[in-house]
Amino acid sequence: MSAQPEHKETHQANGAVVMPIVPVDCLTSPERGQLVEPSDFLGPDSNGVEVVVLESRANAKGVREEDALLENGSQSNESDDTSTDRGPEAASPLKETSFSIWLQVLFPFLLAGFGTVAAGMVLDIVQHWDVFKYVTEVFILVPALLGLKGNLEMTLASRLSTAANIGHMDTPKELWRMITGNMALIQVQATVVGFLASIAAVVFGWIPEGHFSIDHAVLLCASSVATAFIASLVLGMIMIGVIIGSRKMGINPDNVATPIAASLGDLITLALLSGISWGLYKELESKAYVNPLVCVFFIALLPIWVIVAKRNDATREVLYSGWEPVIIAMAISCVGGLILNRTVSDPNFAGMAVFTPVINGVGGNLVAVQASRISTYLHMSGMPGESAETAPRRCPSPCSTFFSSDVNSRSARVLLLLVVPGHLVFLYTISSMHGGHTTLTLIFIVFYMTAALLQVLILLYIADWMVHWMWGRDLDPDNFSIPYLTALGDLIGTGLLALSFHILWLIGDRDSDVGD
């Protein structure tokens, strides 16, 4: 047997590199002062070389958790993932200046902001409809269903952005696998979350009033499930198109996908909720069977989406383990909806309705961008739980979050600086369209901006801690962090806005017409 065939065999096997074990000082010949030929290591029978098999980290992880989304993508790669020349290519999307981050984020941020303004104008109008007057629990559904863009669409955008940035959507086969699995997954999650949100709305509405109506409960269930299903279907398709397009244009999907998910998300979801609930409310007396029929129809589709998502390796793991953040985030958003319901039901604070989607949407959009960027940064160093050097302090200091020199701190500063000018543009737009019941006085703008800045400041700090904390505990932040963060954004934003309106009313800022 010749030395050449033996040498070729040492580099075969799936995901493994076979190398001869040789002392370093044996690589040169003292007589010749040069490298020893490979044949010099062979024994007389040319087969006495001792070898060792080194598995690549990505493949070993893929074998251990082959159903996880990103690890499944890694499993399809060749064993040269450990090659040192792959590092610079993977890190290139994060080599961004503050100006480039600002330039990429600005347009999607403004687009998303105008989407929340439109949603606020819609809510300001529909709050006077009969269905919102007599079935006030619909207000509780508003933050929960608008939060679906954080629970589902933004999580989908973050998941696909990370996969695209690390090269797991480059071939048509991988792309199709990601699309079909993730679309089926978000339909399952949307239907379940919509159903649970309606139950939470019924409970939160029944506890303070002590009154329960079965017709209203079925109406809430039908409206919530139908809205969640249709909105997630439309927004999911938009997200996939945005991510594919941004990659072809050389734009980092982390900077644009999540804001665009929200730009139409709030408006589409709120318009669907208002229209569906209004139509079903009209059918309560004449065609009472319509509401339960709508519920049964969308719930009956669940097994189909479960089968599709379960058969796809890219989403099977999330289908089993991705429920906790989605359900807890829905419950947090419902608490924010309860605050909204109790506040706008008081005629003194009716003007709050138009501003709620704006402050919640802007905060959620910005923190989703930051969480997606940090998650991508961590994924480039390995898999969750593997890279101890990227898991920072248990509780980061505000200085390290906002004033350090790393790329994530730089992006946090850029996002924070967008808050005040962005909200000024959105407030001016609302005022010019004569939206709401509040005049924009100086004191109102000061209180509103304080609430908005405090909300985003808290969210960015929590994101820095939460994403790294989840990463260190072998949890994929793309699947777990954004639902919590956007739900907290809804709760903090609604709470701070309600507090601002109460303070303005107490100090008697009559010029702003708060309370009229």
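A Cβ is built for glycine as well, from the same backbone N, Cα and C atoms used for every other residue.
Worth saying up front: this structure is predicted, and the values here are computed from it rather than measured.
What TrEMBL annotates here:
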- 64-92: region 'Disordered' (REGION)
- 101-125: transmembrane segment (TRANSMEM)
- 142-276: domain 'SLC41A/MgtE integral membrane' (DOMAIN)
- 183-205: transmembrane segment (TRANSMEM)
- 217-244: transmembrane segment (TRANSMEM)
- 256-276: transmembrane segment (TRANSMEM)
- 288-308: transmembrane segment (TRANSMEM)
- 320-340: transmembrane segment (TRANSMEM)
- 356-499: domain 'SLC41A/MgtE integral membrane' (DOMAIN)
- 412-430: transmembrane segment (TRANSMEM)
- 442-462: transmembrane segment (TRANSMEM)
- 482-507: transmembrane segment (TRANSMEM)
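Beyond its flanks by at least six residues, the transmembrane segment (288-308) meets 180-181, 184-185, 187-188, 191-192, 194-195, 215, 218-219, 221-222, 225-226, 229, 280, 319 of its own chain at Cβ-Cβ distances under 8 Å. Within the same chain, residues 98, 101-102, 105-106, 109-110, 113-114, 116-117, 120-121, 354-355, 358-359, 362, 366, 369-370, 401-403, 436, 440, 445, 448-449, 452-453, 456-457, 460, 464 sit at least 6 positions outside the transmembrane segment (412-430) and bring their C-beta atoms closer than 8 Å to a C-beta of that stretch. Shown for the domain 'SLC41A/MgtE integral membrane' (142-276): DSSP residue counts in helix, strand and coil, namely 120 helix, 0 strand, 15 coil. Cβ atoms under 8 Å from those of the transmembrane segment (442-462) belong to residues 355, 359, 362-363, 366-367, 370, 396, 398, 401-402, 412, 415-416, 419-420, 423-424, 427, 485, 488-489, 492-493, 496-497, 499-500, 503-504, 509, 511-512, 514 of the same chain, restricted to positions at least 6 beyond its ends. Counting residue by residue with DSSP, the domain 'SLC41A/MgtE integral membrane' (356-499) contains 111 helix, 0 strand, 33 coil.
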